[in-house]
Amino acid sequence: MTSKDAAMFPIIASCTLFGLYMFFQIFSKEYINLLLAFYFFFLGVLALAHILSPVVNALIPASFPNQDYHLKFAQGKPDKEEELMDYHFDRKDLVCLGICTAIGVWYLMKKHWVANNLFGLAFALNGVELLQLNSVTTGCILLGGLFIYDIFWVFGSSQVFGTNVMVSVAKSFEAPIKLVFPQDILEKGLEANNFAMLGLGDIVIPGIFIALLLRFDVSLKKDSKLYFYCSFIAYFVGLLVTIFIMHVFKHAQPALLYLVPACVGAPLFVALVKGELVQMSGYEDSPEEKTAEGTANDKEGKQEVKKDK
């Protein structure tokens, strides 16, 4: 994600959010949610399988009759073949996929909050893993833009459109795009139905910034991960403040209003105190450098294997 992408992100997100709001106003939300349910069922099963695969593989005994498979899909003639999919998997992966499919069917049938949260967490973890910021400056631009975006669509939209657009869409959108926290779980247990919500964007967006700070810590070649832990704790504190304010005022809160100053301000303050602010602002996380470094490491590893042989 470049600086230009980061600057455009809040505008694109605003158009998408308002488009969904208008869509729910015009069309019946039952049919829309039916379509979305199957769409997110497919995506959720794959996302959850990706996350749970290492856990399931570790639990399956060594005596399990495993077998490797290779699924390849290409187009064109053999001499000009274009590869569209090349996937390697085994029977353990199929077991994991079966478990995740069962959870997906449970979600389709019951829309239970536990199944929703399992899919939501899987989407969030995959998002943090797949999305990547190229610099701290880009991260600040992205978080700053979404800071304004969140405030407007939670507070300002009520003045402009006469309703809270974000909360309206979140309640109408029956898909695992949010984590829900039952407020009546002590009274009703797993049958709880009064929920507080946290959008996945409030997890993924700060998450990719915190992940970038972890890579910055590694680039400093020090034993500590000061900036990572600093921003992670700041995120946790910001989330607690959000929940506290929400309960005090009994009103939906834009989480990024509290998370952005915490996640950005804390590491920048630490960098200022340690005299590493210029180094942090100039840090760039280049995929090309990573690839080159990984290739070099692979070559060294192969050479060591040859020497051992």
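Heads up, the Cβ atoms here are built off N, Cα and C, so glycines get one too.
Taken from TrEMBL, the feature compositional bias 'Basic and acidic residues' covers 288-309.
Among the features that TrEMBL reports, region 'Disordered' is placed at 283-309.
Sequence annotations record features per position, and here TrEMBL assigns transmembrane segment to 6-24 (among others). Within the chain carrying the transmembrane segment (6-24), a Cβ under 8 angstroms from the stretch's Cβ atoms is held by residues 32, 133, 138-139, 141-142, 145-146, 148-149, 152-153, 161, 165-166, 168-169, 172-173, 201, all 6 or more beyond its ends.
The annotation transmembrane segment is assigned in TrEMBL to 31-52 (among others). Taking Cβ pairs closer than 8 Å, the transmembrane segment (31-52) reaches residues 23-24, 93, 96-97, 99-101, 103-104, 107-108, 118-119, 121-123, 125-126, 172-177 in its own chain, all 6 or more past its ends.
Annotation comment: TrEMBL describes 92-109 (among others) as transmembrane segment.
Positions annotated as transmembrane segment by TrEMBL: 130-155 (among others).
Under the heading transmembrane segment, TrEMBL lists 195-214 (among others).
For the transmembrane segment (226-249), the list of distant contacts is 196, 198, 206, 209-210, 213-214, 216-217, 255, 257-259, 261-263, 265-267, 270-271, 280: same-chain residues at least six beyond its ends, Cβ to Cβ under 8 Å. Residues or ranges marked as transmembrane segment by TrEMBL: 226-249 (among others).
Long-range contacts of the transmembrane segment (255-273) within the same chain: residues 139-140, 143-144, 146-147, 149-151, 154, 198-199, 201-202, 205-206, 209-210, 213, 226-227, 230-231, 233-235, 237-239, 241-242, 245, 279-280, each at least 6 residues beyond the stretch ends and with a Cβ under 8 Å from a Cβ of the stretch. As annotated by TrEMBL, transmembrane segment applies to 255-273 (among others).
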